[in-house]
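First the structure, in the form of structure tokens, and then the observations on it.
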Amino acid sequence: MRSILRSSTSRVASAAAVSARRTGGGGGRSSAVSHLAHGGSGTAIPVLRGAIVASQQGNVRAKSSLPLPEEDDADHHPATTTTTPHPTSPLGLFLNSNNQTHDLEPHLDNNTSSSVSDYTSDASKAGTPSPWAVFDAWGAGDGIADPLSKDEEDMLSPEMVRIPTSEFDRGDVPDESSILEIYDKLLKRKSSVHFGYPYNLMYNHEELYEFMKYSINNLGDPFVSSNYGVHSRQFECAVIDFFADLWKMEKDSYWGYVTTCGTEGNLHGILLARECHPDGILYSSRETHYSVFKAARYYRMDAKAIPTLPMGEIDYDALAMEISKNKDRPVIINVNIGTTVKGAVDNLDRILRILKNLGIPRERFHIHCDGALFAMMMPFVDWAPEVSFQKPIDSIAVSGHKMLGCPMPCGIALTRKEHVKKVEQRIDYLNSVDTTIMGSRNGQAALYLWYSLRKKGIAGIKRDVVHCMETAQYLRDKITEAGLTCRLNDLSCTVVLERPIDDKLIKRWQLACEEDIAHVVVMPNVTKEKIHKFVEELVECKEEYGRMKTARADSPLAKLQSSAWGGSYVAPAVQDFKENR
């Protein structure tokens, strides 16, 4: 598979060809694209938005997409243009660091016809300063580690790891070093067969281990100094600035902080929505992450769970109907930038058109975007919906340990500065203001996120995105060839499949399941070698136990098998981006 990062010449030529096809009246899905969107074989890779281009002078440019036209229909896509980020912005600094030309071509596997290349460990690149450093702390990209023996498993039993209260009580309990040695082996095994949850395990933060001896606490507002001096707020603010630039927020118009996880980001975003609209109704799809409805319970908000389309997107007609029934109350909407199970992306522009058609003024609605995984992927993918603060949204939550990769759960919450004023309180004890959900906050997480962003850079993140999307399509094709039902949304790296009947297989590969379906979230540590082993075991399971039957007529598996599976977005046809990818 040639690289998805095209040369500037081929990109312009391809864009012109695409534009000509569009203006020629060829609207709607092509049969080839429809086949791919419905889980058929083949390859339709969304081209990266902002693909870095090295000019002869060594300057670096990035292509970005304009917002969707206000009256655009669901299957139409915006034109793109070539722009240069401000040189002092976070993106500009990444793209122009050291004024060096980024030579991409040697890394792009142009000599292979395979649709995906393994993203495995490379010792020669360990610790090198981006953009192609492969973060692999302990071999997550290598082969599958051996399971523990029975004796080793016993070493981690409750009886062995209990904490003695006296020397007599210690008895035959093994020493801590022996226990930790086995625990390390267990984690290596589990990490090597980690398929069901969206965590990027390819990282190396060894340079930061020295800082673990400090109690780094970012208590208080990250933008307000306090009396506590052992903090990493300067790094936290740099991380927030990066994401504000990524999602197109003007300087001095935003506020954010590093959270403990994506759930905290959702709790904060929904809290701000309630403070802005105390009598508002929260609307979100039934396939929304549980933390959003948890927030509604915590804050005693009225909430409506909107039905979904088969592929997992919110049912736009049902949403419009529910809002129209309650036009006397403000509208609070959670937009999913990738649902938990199916990786479906709600179409923000369709939702905004619904609000416009219903006559809901800007001051009467509030939009929070849950972008736990995909909010870090969508800015780099052409044909993806643009989610940015240039549109009337109010907050975004994203996880830091998912797409970016971090050894501790963390996330980023970003919002408009005027909203946070509604919750801030002066705390003399801190000599700061209280604006966050948590009081004491993990300053290590901010440092690790900063380090990852500095080391990887924009190009490194894009490389991860390419790998995830290419490999997800490779996995979909292999499962389909094995005679099993699976689907992959156009803008997703989450492959949804019929649930294996063997629970041991589910636990071994750590598959996330919902009733009669399961899914694999393809992250940078998922390789072809592991995919081949996984599919082999799926086939063995099918031959020994048979296949999962649909639990009911409207079960998740029944929807998975439905011909109605499809999305609001159109993946590019193969020929659109075939040359020099």
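Going from the start of the chain as shown, residues are counted 1 onward.
Each Cβ is built from the backbone N, Cα and C atoms, and glycine gets one as well.
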Region 'Disordered' range according to TrEMBL, out of 1-33, 166-198: 1-33
DSSP three-state assignment for K402 (N6-(pyridoxal phosphate)lysine): helix
Neighbouring C-beta atoms (10 Å sphere around the C-beta of K402 (N6-(pyridoxal phosphate)lysine)): 27
